[in-house]
Number of protein chains: 2
Amino acid sequence: MPETFDVGLLGHGTVGSAFAELLDARTEQIETTTGLRPRLSGVLTRSRGDFDEILAASDLIVEVMGGVDPAREYVLRALRAGKHVVTANKQLLSRHGEELWAAAREHGVQLRFEASVGGVVPVIRVLQETLAAAHIDRVTGIVNGTTNFILSEMARTGEAFSSALAEAQRLGYAEADPTDDVNGADAAAKMAILARLAFDTPVHLDQVSYEGIEQITPDDLEYAREFGLGLKLIGTAERIGHPTNEGRSGISVRVHPAFLYPGHPLASVAGPFNAVTIESPAITEITISGPGAGGPQTASAVLGDVISAMIPPASTPETSQRLPVVTDVASAFYLHLDVDDEPGVLAQVAAALGAHGVSVKSVVQKGLGDQARLVMVLHRVPERQFMAALDEIADLGFMRSRPRFIRVIEEEFGV
Amino acid sequence: MPETFDVGLLGHGTVGSAFAELLDARTEQIETTTGLRPRLSGVLTRSRGDFDEILAASDLIVEVMGGVDPAREYVLRALRAGKHVVTANKQLLSRHGEELWAAAREHGVQLRFEASVGGVVPVIRVLQETLAAAHIDRVTGIVNGTTNFILSEMARTGEAFSSALAEAQRLGYAEADPTDDVNGADAAAKMAILARLAFDTPVHLDQVSYEGIEQITPDDLEYAREFGLGLKLIGTAERIGHPTNEGRSGISVRVHPAFLYPGHPLASVAGPFNAVTIESPAITEITISGPGAGGPQTASAVLGDVISAMIPPASTPETSQRLPVVTDVASAFYLHLDVDDEPGVLAQVAAALGAHGVSVKSVVQKGLGDQARLVMVLHRVPERQFMAALDEIADLGFMRSRPRFIRVIEEEFGV
């Protein structure tokens with residue numbers, strides 16, 4: 001029997017229940033990876049469970065209840081009892097982070113909080129580990145998927161804020177009470193946490209100025225198109241040492257709607273996505289993007305933190321799989337043929353393709369004197385079949401040169 | 001005096017010398033972060049240094065000499081001597097990874113290799129830590145900056161492969177001997193490493209099929225535009241369980257040029273950049289992008305690994321800074337005014353802006369009956385000055401409603 005690793009769960013809403021499910025589904029894999037078998041030692045909700053009992057029975061506490069009270073007290077008591085804590089609670093960390101991080105240091109335990117910012121985007125880990133001791137100039141983020149979805153919808157359909165919000169609610173991208181999302185408060189809490197890590201200085205939520213997107217009109221988005229700009233709710237945390245700031249050196253942390261020039265790394269981030277760009281002289285910039293927080297995504301970030309707390313760093317475990325490496329895969333293809341310009345060419349090429357089960361998606365044919373160029377995009381097909389058709393085509397009498405092809409990666413992979 | 005942490009450096013080329021410089025520049029910050037003072041204990045090059053002496057004097061070995069021999073022997077000996085190793089050597093890991101990882105496990109030391117794949121893109125850490133125990137379906141990557149630059153240039157200018165390559169060499173994005181970059185071999189080694197981590201199964205470089213971009217013509221890129229596709233050198237590592245594969249289950253790892261549909265997360269990655277998309281049911285997808293490997297970028301990835309080896313995980317150190325949080329920053333603005341359609345309006349608005357040092361970048365004016373709409377983009381200015389101008393404009397007699405504004409994030413931040 002392997003040793004167990006007991007996880008106490010505080011909160012059983014969307015994230016909590018998704019976490020319990022994911023932990024259950026991944027138990028075997030986690031045991032293979034870490035050598036320890038994770039086990040849910042108890043669940044605390046408003047109506048059931050006893051915090052003291054759960055604490056005593058756990059190696060690690062997952063806090064996904066949200067809010068400041070009583071989450072703060074529970075997290076502090078867990079850290080002081082020598083238990084690791086994983087939390088998704090941005091409100092708690094942006095208000096009481098220093099107190100909690102100090103408690104974790106004092107008691108030699110881990111306090112992990114990847115799930116508090118950015119959905120599946122692992123920006124906390126990148127700031128704390130990849131860029132540990134790097135000098136960071138600026139962190140720019142789309143850290144609220146609800147508002148990014150609403151702005152994308154307004155840009156796409158031309159509809160007003162209120163209808164785009166209703167659509168977001170219908171699709172589950174906005175809460176019944178969307179206030180903290182649309183007014184920028186949620187993004188402000190996340191930017192406070194990112195600024196703290198990026199600049200190694202205490203940042204409290206109260207120091208972050210924020211504006212929301214409630215005032216944005218379809219007109220604004222139309223003018224944005226005219227000026228060639230994209231409109232996003234942007235969080236910025238940056239060092240300020242500019243002459244216009246009268247030489248004062250410090251940081252600025254703020255959230256507001258902003259137009260982005262088309263080449264900005266965040267300009268193409270559309271829909272309910274999150275993305276963060278980190279700028280530092282040593283690395284130029286890193287951008288990380290992914291879906292914003294839904295229950296399963298947040299649960300996955302929580303689980304990543306739990307597993308990190310279970311294992312010593314940077315061991316690459318022995319492989320547990322012996323998967324065959326397959327070489328005959330299926331692809332869509334672009335096919336480029338230089339041929340004599342004579343009747344029946346397209347028919348013969350199509351027949352050769354058809355004989356091997358290859359079907360044509362689109363064709364462009366161009367005459368070039370007595371020669372023609374036939375360029376096709378073909379539907380996905382096992383490569384072996386395509387290559388057989390290609391051999392047949394290469395032997396056709398009207399071919400002027402060797403056929404050329406390039407694979408096409410399609411929107412639907414169909415694996 | 002703080003305790004020291006001794007780092008032995010094998011290799012002093014572009015990456016090695018950039019690493020030595022960076023370590024020197026960041027010594028104080030690393031000491032603050034880790035409590036240990038890093039120190040270069042010795043440097044081994046072809047002409048100087050003794051491996052045994054350096055090994056004995058080091059807590060950790062950085063291997064950036066490249067190639068398989070003698071790097072393999074040095075890394076093995078370091079691990080067996082109980083020293084942590086950080087390497088950037090994709091050739092070594094894609095051929096002898098299992099042997100090295102086994103040695104690290106056996107001797108209880110860390111073997112870190114973020115710098116071996118993806119330039120500054122922290123894909124190794126995300127796969128090993130954030131997504132530890134996640135079920136991954138596919139990893140798709142642009143993992144060679146040289147070829148991505150060449151293809152971007154060919155698309156931009158319409159020029160041939162050979163001239164784009166010459167341009168890449170002139171700008172330092174391609175080596176004097178670019179063979180392994182342009183033929184796909186470099187990308188294949190990186191994909192072997194990513195596949196090993198993603199699918200928890202041994203993958204050797206020899207199992208990765210690859211094609212390069214030498215055969216791509218300006219025509220291909222022109223047709224790509226016609227079909228609305230982007231052309232990239234793509235590495236793919238994916239699980240294969242498709243019916244067209246006759247039901248065989250396994251993985252496929254391959255590198256080839258491919259067209260991408262416009263919404264693909266990698267389609268907008270242009271120039272000498274790297275980017276990797278990881279797909280997993282729990283998270284949908286994460287995309288990470290950043291500049292490809294140059295000396296300073298690779299050195300930064302190496303240093304991130306060194307620092308990770310120095311500290312226990314997930315401690316959030318006490319802040320060492322007390323930076324003021326500044327609220328009066330500078331921004332560019334979009335300004336939206338509904339005004340009476342009468343002579344002199346634009347002049348008075350421009351005068352009010354000018355009086356506060358705000359200058360206009362572009363203007364669109366539209367008549368709407370007896371009313372007009374004036375939309376402007378303004379150059380970057382301290383927000384205080386803009387707000388003062390705004391107050392003045394709001395009081396002008398021809399204003400039909402409250403002026404509205406949105407900040408604009410520009411290409412040049414000027415901080």
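Any Cβ shown, glycine's included, is placed from N, Cα and C.
Keep in mind that TrEMBL annotations are predicted by a computer and have not been checked by a curator.
Database features, via TrEMBL:
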- A:LYS190: active site, proton donor (ACT_SITE)
- A:LEU10, A:GLY11, A:HIS12, A:GLY13, A:THR14, A:VAL15, A:GLY16, A:SER17: NADP(+) binding site (BINDING)
- A:LYS90: NADPH binding site (BINDING)
- A:GLU175: L-homoserine binding site (BINDING)
- A:334-408: domain 'ACT' (DOMAIN)
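Location within the structure of each feature annotated in TrEMBL.
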residue: A:GLY11; record: NADP(+) binding site; Cβ neighbours (10 Å): 24
residue: A:HIS12; record: NADP(+) binding site; Cβ neighbours (10 Å): 20
residue: A:GLY13; record: NADP(+) binding site; Cβ neighbours (10 Å): 12
residue: A:THR14; record: NADP(+) binding site; Cβ neighbours (10 Å): 16
residue: A:VAL15; record: NADP(+) binding site; Cβ neighbours (10 Å): 25
residue: A:GLY16; record: NADP(+) binding site; Cβ neighbours (10 Å): 25
residue: A:SER17; record: NADP(+) binding site; Cβ neighbours (10 Å): 16
residue: A:LYS90; record: NADPH binding site; Cβ neighbours (10 Å): 26
residue: A:GLU175; record: L-homoserine binding site; Cβ neighbours (10 Å): 14
residue: A:LYS190; record: active site, proton donor; Cβ neighbours (10 Å): 26
The domain 'ACT' (A:334-408), counted residue by residue under DSSP: helix, strand, coil: 23 helix, 34 strand, 18 coil
Residues close to NADP(+) site centre defined by A:LEU10, A:GLY11, A:HIS12, A:GLY13, A:THR14, A:VAL15, A:GLY16, A:SER17, Cβ within 8 Å: A:LEU9, A:ALA18, A:PHE19, A:ALA20, A:THR45, A:VAL64, A:MET65
Candidate binding-site residues A:VAL15, A:GLY16, A:SER17, pick with smallest Cα gap to A:LYS190 (active site, proton donor): A:VAL15
Those residues of the chain, 6+ apart, with a Cβ under 8 Å from that of A:LEU10 (NADP(+) binding site): A:GLY16, A:LEU44, A:PHE51, A:ILE54, A:ILE61, A:VAL62, A:GLU63, A:VAL64, A:MET65, A:ALA71, A:TYR74
Among A:HIS12, A:THR14, A:VAL15, A:SER17, A:GLU175, which are recorded as binding-site residues, the nearest neighbour of A:LYS90 (NADPH binding site) by Cα: A:VAL15
For A:GLY13 (NADP(+) binding site), the three-state class that DSSP assigns: coil
Per-residue pLDDT averaged over the domain 'ACT' (A:334-408), given as an integer: 90
Integer Å distance between the CA atoms belonging to the residue listed as 'L-homoserine binding site' and A:GLY13 (NADP(+) binding site): 13
Length of the line joining the Cα atoms of A:THR14 (NADP(+) binding site) and A:GLU175 (L-homoserine binding site), in Å: 12
